[in-house]
Amino acid sequence: MLLMTILTEGFVCIKSRMLMKFSVLIIVSAISLLTLCTDCDCIDVNNPLECFKLLNGPVDDCACELKSVAEFNNRILYPRLQALLKRNYFRYVRVNLKAKCPFWEANWLCAMRHCHVDGCQNDEVPPGMRDVKSMSDDAANCHSSQSAGDQVPAGSDSNLGELDETLSPTSQAAFVKWSDHDDSLLQFCEWDDDIGNSSQYVDLLRNPERYTGYRGEAAHKIWRSIYEENCFNDPASALLPGGAQMRTVAQSQCLEIRVYHRLISGLHTSINTHLSHKYLLLGPQDRLMGTQNWGPNVTEFLVRFHPEFEPQGPVRLKNLHFTFLAELRALAKAAPVLRRAKFFTGSESDDAEVAQLVSDILDQVEQFPDHFDESQLFRERDKIRLKSEIREKFFNITRIMDCVGCDKCRLWGKVQTAGLGTALKVLFSPNLPQYLRRHEIVTLFNALGRLSESIYSLEEFKGLLSSNGWAASGRGFRVDL
């Protein structure tokens with residue numbers, strides 16, 4: 001109504017070119033205001049920077065300062081990870097987005113066009129990856145100690161006195177079963193996406209994680225299932241939006257459960273940060289021209305993290321840094337395995353460059369002085385069963401990702417939970433795994449990349465919320481609900 005009044009009066013009363021210019025300015029201002037607050041209530045947030053009030057001092061349950069984490073990430077790790085994740089080995093992932101939800105009847109019809117995932121045709125995937133098994137080159141090589149060219153003639157004297165290390169077909173089959181069984185005991189996630197006709201390669205760069213419009217009861221059901229059924233009793237309710245006692249309750253729990261809850265909270269926080277940072281911003285010109293402009297939405301960020309809307313918002317931003325540290329430590333611990341990996345895509349030059357990029361990142365990560373200390377976990381004998389419970393609960397969380405009704409959200413949910421699951425496998429295993437499968441390497445680096453980008457984007461949100469004197473003057477910031 002306001003806009004119609006301005007339009008009518010503006011054009012009827014134009015008497016000169018100066019008046020016309022003035023009217024246009026008023027109209028543009030009115031459109032901008034309506035774009036911000038159409039069909040919503042607006043309130044004032046007196047201190048928008050309150051979201052970041054806990055991002056000082058030490059990280060809980062970690063001998064590390066939050067500022068040093070952000071500085072290391074933003075200055076050293078983030079640019080290196082961004083360069084690495086654009087390479088073919090890390091940008092293509094084979095995933096099954098048609099798996100049936102194992103827990104409830106889910107609605108697979110995603111009516112929002114931004115939910116759609118563009119799969120890859122076979123000729124779009126690097127040649128060396130089209131028929132590659134899920135096992136890494138390092139693991140595949142461990143099953144064959146000699147190449148065909150190294151075979152020694154059966155009647156040769158050089159065979160005398162040598163130990164016959166060959167295995168019969170029956171023994172080989174048994175070895176594979178034992179290996180698979182031992183490996184399954186260490187798995188924190190389910191990843192059957194390398195098997196079957198329903199899986200396909202997806203280019204993660206062509207399908208970036210961003211706000212798709214997937215929200216409401218369907219999305220809430222996913223997180224309720226995670227927090228209420230796959231966390232540990234009392235703290236679960238406090239982890240949910242609106243829970244005001246999370247920090248107090250978590251401190252009353254044992255270290256292992258506190259770590260688990262903070263990891264889940266940090267993962268959730270990272271996802272919410274991405275959705276706020278990559279938001280479809282439709283201004284008047286975008287609506288007129290049909291263009292798309294993705295960028296940070298401070299309104300969405302404040303509603304998710306400002307204590308006036310979400311009391312635990314600042315705590316969750318702190319937990320984001322904790323989850324980042326845990327995955328960073330997993331990368332450092334797995335460094336010997338990762339340095340042996342081949343990163344095979346079929347291009348010798350590209351594979352060598354990727355190996356060099358990975359080596360540089362591992363060098364930087366190993367030099368970081370204040371890593372998460374997993375040796376403090378499960379030290380008492382009565383905690384062994386708790387490790388198994390944590391594994392089972394997180395395993396369920398990875399399966400819940402098949403219940404997400406938005407294809408793009410499901411894709412990135414599977415990638416990030418699989419990456420965190422790989423980190424937990426590395427951190428909680430009594431011995432370092434001898435190899436990591438390709439999907440474990442790809443999801444581990446991509447999951448860390450998502451956490452890294454979330455922490456990096458906090459600086460941009462701080463800058464946006466500090467501009468125009470909002471924080472300094474104490475003036476309210478208008479937020480649409």
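Any Cβ shown, glycine's included, is placed from N, Cα and C.
Nobody curates TrEMBL annotations by hand; they come from automatic prediction.
Feature annotation from TrEMBL assigns active site, nucleophile to CYS406. The active site annotation in TrEMBL covers CYS409. The FAD binding site annotation in TrEMBL covers ARG210, THR212, TRP223, SER265, HIS268, ARG304. According to TrEMBL, the disulfide bond annotation covers CYS110-CYS115, CYS406-CYS409.
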What's the CA to CA span in angstrom from SER265 (FAD binding site) over to the residue listed as 'active site'?
-> 17
Cα-Cα separation of HIS268 (FAD binding site) and CYS406 (active site, nucleophile), in Å?
-> 16
Given CYS406 (active site, nucleophile) and TRP223 (FAD binding site), what distance in Å do their CA atoms have, once rounded to a whole number?
-> 14
Rounded to whole angstrom, what's the largest C-alpha distance between any two of ARG210, THR212, TRP223, SER265, HIS268, ARG304, listed as binding FAD?
-> 21
CB neighbours within 10 A of THR212 (FAD binding site), counting all protein chains shown, number 19
Here the Cα-Cα span from ARG210 (FAD binding site) to CYS409 (active site), rounded to a whole number of angstrom, reaches 8
Check the recorded positions CYS115, CYS409 for other C-beta atoms within 10 angstroms of each C-beta and report the one with the most.
-> CYS409
Sparsest Cβ environment (other Cβ within 10 Å) among binding-site residues SER265, ARG304 belongs to ARG304
If you draw a 10 Å sphere around the Cβ of HIS268 (FAD binding site), how many other Cβ atoms fall inside it, taking every protein chain shown into account?
-> 20
Once the chains shown are all counted, how many other Cβ atoms turn up within 10 Å of the Cβ of TRP223 (FAD binding site)?
-> 16
Rounded Cα distance in angstrom between CYS409 (active site) and THR212 (FAD binding site) is 8
